[in-house]
Structures are given as structure tokens and as C-alpha cells.
Amino acid sequence: MAGQTLYDKLWNAHEVTKRDDGSSLIYIDRHLLHEVTSPQAFEGLELANRAPWRLSANIASPDHNVPTVTKERSEGVAGIKDKVSRLQVLTLDDNCAKFDIAEFTINDARQGILHVVGPEQGLVLPGMTVVCGDSHTATHGALGCLAHGIGTSEVEHVLATQCLIQKKSKNMQIRVTGELGAGVTSKDVVLAIIAKIGTAGGTGHAIEFAGQVFEDMSMEGRMTVCNMAIEAGARVGMVAVDDTTIDYVKGRPYAPNESQWQQAEAYWRTFYSDDDAVFDSVIEIDGSQIAPQVSWGTSPEMVVDITQSVPTPDQAIDEAQEEGWLRAYTYMGLEAGQKITDIQLDRIFIGSCTNSRIEDLRDAAAVIKGRKVADTIKEAIVVAGSGQVKLQAEAEGLDALFTDAGFEWREPGCSMCLAMNADKLEPQEHCASTSNRNFEGRQGNGGRTHLVSPAMAAAAALAGHFVDVRTF
């Protein structure tokens, strides 16, 4: 009998029963809730006169709609200017109180983006199944979890039953071998992967990221890569449990205590792919050949490295790709063949569930070296992913490095990743962003998003245009 993949082991450990149609009933260990996708789910519970099946499995925090400007944030929910956004946060507060679900409220020191808060609090542990009404739930797969986003109706199902009906995906392994060069980060790795396989490359698969690059990568770096598995077409991205995983989890507030630790660790260490496991698809990439990446268009697969130029139509692999590029040239206000380093920028955003952890902020701060944000930059903001990240950064003096350089130091939240709160781009503005999506209008109507690493974003802020952080 062939060995099992990491995905197989996680699936089998949580499969309650197989169904006649080929689907399975899967038990869910951890359910993360926020203000946008939960109101109708709670309403459904109430109308059916149901209560959450397992209260302790649920944790909530507002993140999408919260203001990041300190003055507005100090007013709490009342500081949210948009009526709909304010109502969503108030509704989350009310529902959590009504159903007795634990919540890190807007100005709780533990509040933040759920995909940052979950791991840092130890709420997400190796071997778990984790769901949230948000597509970037794949982030948690970095801890050796089966984690994916769900819709609002499924949020209600999990609240009511702690289970979901799912169909098993195929297994894909993406191996990145060798060592990364100086100035190349986990964000560059995942952008390079998406550039290679496309945004549909992982469709129908659960992706396991493996190889020397991932073995050497920090836990926060792994989270960045798994976060963008969805941009590669997969609902699920994961990395096997190893010493890095165990060391990260130990001592977290919700992690097992000392008396339970040995047993928990022994169980967690079973979550890896067996040597003889068979994958439906295997892709290999030489990590030593990856350079800092920049997205130029309106899809995460429209990516080149910093030394290259916007591709020309004759480079397209088919007519559909050429049509997409032609539309992207127009929307982005770029010319085919234009050097990436010639793209002038208006705003800089360092944050999001992809790149707002302490290592990300350290990477960005290290680039500043006493320099100032370019006069041509209208706004450069740094938004920590959680209250705990913000406090740690301030304890290390990173906030002062940013503000002295001309960045704004904001309060935790999803911020400019998506145009759902007050942090938005104006039409035709170019933004170097550490977020995960560059679709048309993602950061504001007519806004032009370029996906980069925190270090590349910081360097771009200082130069006013994209530069190669390796030589900056």
C-alpha cells in the first residue's frame, strides 16, 4: 500500500463518514469568524432556534472594516464612519455576546486580522482542520493544517454542526529546491510559483509546499506562501510539521500546557508526507533562480522579476492570454516593454494577512537605513496584522524607524488590501502593496495594484518607483 500525503493524513483524521455521492463529512476543529461573512449565518441559527454545537471551537475578531487611523480607532466602533461597516462590526459584537462566542473586539490588544491572530495566539495548531469565511484561510496550512475558506451558508453549518460536507481534492506538491539569494523572500517565492503555474494551476488540488527552500523558511514565511495558495487556484496550501512548526507553537496562549505538550507534539509530528506517497502532480522550481518579484497587471500571475519589463503581446502563450494582457496594459496605464523600474508610484501599503507579521515589518524597516520616503509618494502606510504584532514592533523601535522616514504607523486591520474600509486608492493611482490580489478595483475604484514583498515595498517608497532591493 502506497504511503499517504500530508493532505491524505489530515483528511483521513477528520473524515466522519463517506457519502454515496463521493463526498465526505469532515469534522472541523477551529472556526474563525469576522464581521463580513457571519451575520447571515448567525441569523440562520437564531431563526432555526439552534445554538453553536461546540462553543470553544469558535473565535471571532473584526478585521475587514475596522479603521486603522489612530484617532478614529480610539473611538472604538463609533469611529467607523461608514454606516454599513459600522453595522457589521456592531452585529458581530452582538452575535458573539448573544451566542457566547469568544471575541477579540475592536480595541482588544489581541484583535487583528484573523489569519495573523489565529497562529500567534495558538488558536490554530498542527493537525487541525481550520475554516473561516475568507478565502485566505489557507494561510493556516503553514502549521500543517487542512485550512480553507468557506461561504456564509457553510459558516452557519459549522456553527450548528461542527462539520462540513466536502469533496476531496487531488494532491499536488510544489518543490522549491536550493537556497534563496539575498533580498529574496517568501513573497517572491509564491509570486514566482504563481507566475509559473498560473492562477488556475492548482485548481482542484491541495498544494503541499516542500523542498529545501521551505525547510529553511521561517514559520511566518511559510504563512505568506500558504496564504496565496488560493491565488494559485487551490483552496488549500500546506507545509509539513517539523521543528520550525513545533518551536513556533510552543508557549502560545492557547497552545497545550506543559502536562499535555509531549503527547500533543508526538501527534503533530505524524503530519508529513510519507516517502512513498504518490502525488497527482509534482512541480519543481530552482529557488536559487528566483529574483524579487513585481506584479505588473491585473492578475497575480501577471508577474515578472524586478530586472525585467512588462511583457509584450508576442510573448503571450495563447490568444486568451494576449487579450488579458492588452486589457491590463490599458487598466494599469503601462506600455508593453516598459521597464518595471520605470513604474512611478503614488502610494505604498505594507500590511495584509499576507505580509503584516513581525518579520515582515523587520524586513521593511531594515531597508530604510535612515532614508526618507520620496516626495512624490502621496502616502505610505504600515499596518501591523494584530495588536500583538504592533506592540512587539513598537518595543523593537520599528514604529519610530517608519515614522521618521515618513511612513504612517497605523492600527491593526485588513486596511488597504481591499476597498472595504477607509484605506483606498484613488483612480489611476499606482500602489506598491504587500497584499495578495491585484484585480481591477481591488484597492479602490480604478486603483492600480502592484504586489511585492515588504522589503521591495519599502525600497519603492524611498525611491518613488520600483528598484531592486538587492542593490538599493
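Along the chain as shown, the residues are counted starting at 1.
Cβ from N, Cα, C; glycine included.
Predicted, not measured: the structure shown is a model, and the values here were computed from it.
These come from Swiss-Prot:
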BINDING   Cys353, Cys414, Cys417  [4Fe-4S] cluster binding site
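Sequence-distant neighbours of Cys417 ([4Fe-4S] cluster binding site) (same chain, 6+ apart, CB under 8 A from its CB) are Phe349, Gly351, Ser352, Cys353, Thr354, Ser433, Ser435, Asn436, Arg437, Arg442, Gln443. For Cys353 ([4Fe-4S] cluster binding site), other Cβ atoms within 10 Å of its Cβ number 26.
Note on Cys414 ([4Fe-4S] cluster binding site): other Cβ atoms within 10 Å of its Cβ, all shown chains, come to 30. Classification of Cys417 ([4Fe-4S] cluster binding site) by DSSP places it within a helix. Excluding the listed site residues Cys353, Cys414, Cys417, the same chain places Asp63, His64, Ile113, His115, His136, Gly351, Ser352, Thr354, Ser356, Gly413, Ser415, Leu418, Ser435, Asn436 with Cβ atoms within 8 Å of the centre of the [4Fe-4S] cluster site Cβ atoms. Under the DSSP three-state reduction, Cys353 ([4Fe-4S] cluster binding site) is assigned to coil, being neither helix nor strand.
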